[in-house]
Amino acid sequence: MLKTTLLFFVTALCEIIGCFLPWLWLKRGASMWWLLPAAASLALFVWLLTLHPAASGRVYAAYGGVYVCTALLWLRVVDGVRLTVYDWCGALIALCGMLIIVVGWGRT
């Protein structure tokens, strides 16, 4: 379970970085060269999703819970936005959904 969650976390970071770098280019005038590491990060994201032994749709659904939490962590650390009680509640619900799916995929 810990290995799966850690892999999902790294996967989410790759996806967020792969989307954030083009955002910097488009919104903040960063160099177009940032698109190269963005593409590499997104390619790594896709590859990491293939490392799970469950069916792809089940992996994507479970990954979503960790992605939500990672995005909120990014919101706090990178964007400097204080999380609200709604953010925390949403993260808890998302993680519960992920946990149910991951526990279930080992039993089917």
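The backbone N, Cα and C atoms fix where each Cβ goes, glycine too.
In Swiss-Prot this protein carries:
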TOPO_DOM  1-5  topological domain 'Periplasmic'
TRANSMEM  6-26  transmembrane segment
TOPO_DOM  27-30  topological domain 'Cytoplasmic'
TRANSMEM  31-51  transmembrane segment
TOPO_DOM  52-60  topological domain 'Periplasmic'
TRANSMEM  61-81  transmembrane segment
TRANSMEM  85-105  transmembrane segment
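Each residue of the topological domain 'Periplasmic' (1-5) gets a DSSP state, and the totals for helix, strand and coil are 4 helix, 0 strand, 1 coil. For the topological domain 'Cytoplasmic' (27-30), DSSP puts the residue distribution at 2 helix, 0 strand, 2 coil. Within the same chain, residues 32, 34-35, 37-42, 44-45, 48-49, 51-52, 62-63, 65-67, 69-71, 74, 78, 98 sit at least 6 positions outside the transmembrane segment (6-26) and bring their C-beta atoms closer than 8 Å to a C-beta of that stretch.
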